[in-house]
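As structure tokens, the structure follows; a few thoughts come after it.
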2 protein chains.
Amino acid sequence: MATVVAPKEFSPVEDAENIKKACLGWGTDESAIISILGHRNSFQRKLIRQAYEEIYHEDLVKQLKSELRGSFETAVIQWILEPADRDAVLANAALNKTIPDYRVIIEIACVRSPEDLLAVKRAYRFRYKHSLEEDVAARTTGDIRKLLVAVVSAYRHDGHEIDEDVACSEAGILHDDISGKAFNHEELIRILSTRSKSQLNATFNRYKDLHGTSITKALYPADEYLAVLRTVIRCIYNPKKYFAKLLRSAINKESIDEEVVSRVVITRAEKDLKEIKELFLERNTESLDLVLAGETSGHYKTFLLALSGVVLD
Amino acid sequence: MATVVAPKEFSPVEDAENIKKACLGWGTDESAIISILGHRNSFQRKLIRQAYEEIYHEDLVKQLKSELRGSFETAVIQWILEPADRDAVLANAALNKTIPDYRVIIEIACVRSPEDLLAVKRAYRFRYKHSLEEDVAARTTGDIRKLLVAVVSAYRHDGHEIDEDVACSEAGILHDDISGKAFNHEELIRILSTRSKSQLNATFNRYKDLHGTSITKALYPADEYLAVLRTVIRCIYNPKKYFAKLLRSAINKESIDEEVVSRVVITRAEKDLKEIKELFLERNTESLDLVLAGETSGHYKTFLLALSGVVLD
């Protein structure tokens, strides 16, 4: 379930005007911006951006980029972009790092629905005049490339039909590959990149039944490729658990990886952040909201907490 | 350019009624069916099918299947289906042969536009509850599988931007692979399946400039995989020439491969059959229409000639 709280009734024009007001004069009224944008769903934000453009002949993204700073700026801009376009931007940024952040690519390829992934690929082509597959291939090598290009290229069936015979035989193929340490086996990549998620979940369950251990446990990430492979499987098998763990590892007593925290909160706030928070709490002494309140600060904190559904009065 | 001649003004209801009339009573008036369906474009045929369903609560495809026979039946049914759905049916039939007909898969993956290929994949999932990629993978093995799954999965950028540096460096990679006989090289598959067609055409042209011979000539099909690879390149590089040659090889003095002839005429009649016919004539003493008139017969002949733009009075 979503955490962001959006009103049923709202006026895009009024919101656009109030955002403009918050930007005018000395300084910026960040609280006003948060109280509006932190409580609008993706469709509402789209209408606000359109209204802003019509009234002021100015792109809301550009306006806010010039007004805001730091992690808060980045988070607000990501939040305003349409989800597919946002993912395209996240993917491009992840690929352009010195060492590409494969996790972002895998989340987009394996957590999003087939239609949503497609929308990301379309948005990516539109923005960067390259296909996402092309840029993933250009920024990776070897087995990691084979696996990532395959999962990004996937256009899976998204029905719920399960073929138990296939699940059984492919659980066997995966087990043979993994226990034989032939991790880069073509069959494994074929299975992970062409089967529907329902079918893959049946296969992973069958793997556990037959071998007494889950496939993710069997895959101890001894090198970079295995870590990538394991992330692919976790993002298909149990994305909420994956995100809960990602948040835990991004927030520790010494530091906080704001990039990761922003990405999870922003991309999941309208999807399943509620369940992710519950899973987070199961393995943590404090709730995500309390941790965020303690570890972040300023407008960035207020904004994240708004998206996470915390009502601050 | 298209060859099929469709009137600007038409009435889907009248057409549906006239087709019904042609099906009623003793025997079927095939000529009436040809004179209607052979002269309607894909949008018009869709409206006729809808009108037929609304008036008679019967699917036109089912009705015609029970009325018509043989190659004529197959051709008319293929013609009525919407292009993406037709391609899904063609792909499935090609995969279900004892030896899959890889050409059909390659034509769909490499000749159709990225958006059209996507529509085929969507139609395929809807009809068969599997992804096309999944079924291609299940029916192929080894290097052929790697290549075919990759080109079917592709969602290429379809812009016209060309990066000359990439064209030059990738022409070199292709040449090294081909001259080193490492035909199944990962790089080659990556290039063919992720780059836009405009970029690939620039790369193939650069290949010719640098090495004095076209890439298709350099690839003499010494085995099945090389034949598949060559077909992929020909379908990307010069599909019209590919289809002209396919027609020539499907029609010879001893026999005619009606399946191939129907497929090319039906799938290209609204696209570029005019240019394909011109290319056919360049290397043949007779025009395609004359050859079809001589080598086919009955209603099948009349129907093919109608789609090919021949006005019979």
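Cβ atoms are placed via backbone N, Cα and C, with glycine included.
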Recorded Ca(2+) 1 site member, picked from B:Glu54, B:Glu58, B:Glu67, B:Glu224, that accompanies B:Gly25, B:Gly27, B:Ile251, B:Ala293, B:Thr296 in TrEMBL: B:Glu67
DSSP state at B:Ile251 (Ca(2+) 1 binding site), helix/strand/coil: strand
B:Gly25 (Ca(2+) 1 binding site): tally of other CB atoms within 10 A of its CB: 8
Cβ neighbours within the same chain of B:Glu295 (Ca(2+) 3 binding site) - under 8 Å, at least six residues apart: B:Ile251, B:Ile256
